[in-house]
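Down below is the structure, laid out as structure tokens.
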Amino acid sequence: MFHNVLRYRNQILITICGYVGHLLCGYGISWTAPIIPKLENPDESPLSRPLSDIEMSLLASVLYIAGLPAVLSMSWFSNFKGRKASYVLSAIFYIIGFAMLGSATNFTMMFIARIINTFGFSIANMINTIYIGEIASSNIRGIFLTGLGVIQTLGSLILFSVGPFVSYSMVSYIGVAISIVYFLAVLCIPESPVYLALKDINNCSMCLVRNERISVLNYLSGMLVVVFFSTSIFKMADSSVPPSLATIIIGCTQLVGSIIAPFCVEISGRRILLLVSTGVCCVSMIVFGCHFFLIHINSPLVEHIKWLPLASLVVFFMSNNMGFGVIPSTLTGELFNSNVRSKGTASVFVVSWISGFIITTIFNTLISSIGAYAVFWFFSFTCGLAFLFTLFFIPETKGKSLIEIQEMLSK
């Protein structure tokens, strides 16, 4: 094992530098979870007035729509200026965005800061998938790409653990400090060895369809919506565990699941892990929806199963972070050929984030109009669709080089 660490030392060090960007991604994406309760508390909020439900939703969902121009421009920028320049640009957006969030005193400034921060999330998310897929050896590529989920979850867990106990401004200034570390780290990485223009565009359309569909289903599974509104959801569910503690437990669960994933992905393969993950996610969301249905019909059983919301979400996030939440990114880094990887990855992110923006923006409205139980049953339905799509359309890429994967797809 030590020999392998020495053998891949440079790849490991380079990947760790990129991982800091994904740590910030998890930290920033989950920002609304501890911040929304602070904004609702006049003693903690930096704002002069309370925010409306729509404004609260926009602070969460803006990352999807603001990320579109970022990933679209990155598909060109990463090929024109290179992967390293893209990393540096994402770090600059992180620093500016978190600094503005920390000093924001009105909704407009906060909203603009979230947009700028989203540029950092979007670029780091996309460029890590491309760059790590290009620099990693075939026998460790899956571990490195799946590890992105571990680091993003760690970022969320840091926020969940620290956010409720520090001031509004301090939450963002911690992000600034990590962003500066990220900026210095990516200045030291080399340019991708496959940063060049190739002519072969075979199989791009089929890869695009496969990646877009599984990624869209992932965003429609409710994973990020639950993270965004976790504190509010646990309040609605009348859980026996305090919402702030439940959120920390969920963050720890995500971390454990995503730590397990890199080891499983090279043992069982991408496809098997994805099948198990989507299946378990489907069942756990059905159970979670059933709890809200019992609340809806005023069932006396609710008083005896207040542990169920947390238990079902623990199972959901453990399973999601072991497969469904991380494998689509791994496949994106593997299925596209080098010359179309930037454009293909951008297309996947665009379609996925449009889906995420829509479901996050209308989440509170759906809860009010059709009931929480119906919303979570819809999430279980999308997990079921993801299971079937994986079963029939997702190829196994375990242990294959990028060239071997392209040869397999061309058959």
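From the backbone N, Cα and C atoms, a Cβ is placed for every residue, glycine too.
TrEMBL does not curate its annotations; it predicts them automatically.
Keep in mind that what you see is a predicted model, and the values were worked out from it rather than measured.
What TrEMBL records for this protein:
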- 12-36: transmembrane segment (TRANSMEM)
- 14-398: domain 'Major facilitator superfamily (MFS) profile' (DOMAIN)
- 56-78: transmembrane segment (TRANSMEM)
- 85-105: transmembrane segment (TRANSMEM)
- 111-131: transmembrane segment (TRANSMEM)
- 143-166: transmembrane segment (TRANSMEM)
- 172-196: transmembrane segment (TRANSMEM)
- 216-234: transmembrane segment (TRANSMEM)
- 246-265: transmembrane segment (TRANSMEM)
- 272-295: transmembrane segment (TRANSMEM)
- 307-327: transmembrane segment (TRANSMEM)
- 348-367: transmembrane segment (TRANSMEM)
- 373-394: transmembrane segment (TRANSMEM)
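Contact between the transmembrane segment (216-234) and the transmembrane segment (172-196) is absent: fewer than three CB pairs lie under 8 Å, with pairs separated by 6 or more positions in sequence. If one looks beyond the transmembrane segment (143-166) by at least 6 residues along the same chain, the residues whose Cβ comes under 8 Å of a Cβ in the stretch are 11, 15, 19-20, 22-31, 33-35, 37, 128-129, 132-133, 136, 174, 227, 244, 247-248, 250-252, 254-255, 257-259, 261-263, 265-266, 321, 325-327, 329-330, 333-334. For the transmembrane segment (348-367), same-chain residues at least 6 beyond its ends with a Cβ under 8 Å from one of its own Cβ atoms are 53, 56-58, 60-61, 63-65, 67-68, 71-72, 122, 125-126, 208, 211-212, 215-216, 218-220, 222, 224-225, 228-229, 236, 332, 374-375.
The transmembrane segment (307-327) is not in contact with the transmembrane segment (172-196), judged by fewer than 3 CB-CB distances under 8 Å for residue pairs 6 or more apart in sequence. If you look at the transmembrane segment (373-394), the same-chain residues 6 or more away from its ends with a CB under 8 A from one of its CBs are 210, 213-214, 217-218, 220-222, 225, 270-271, 274-275, 278-279, 281-286, 288-293, 295-296, 324, 331, 363, 366-367. With pairs at least 6 apart in sequence, the transmembrane segment (12-36) and the transmembrane segment (172-196) have 3 or more Cβ pairs within the 8 Å limit; the two touch.
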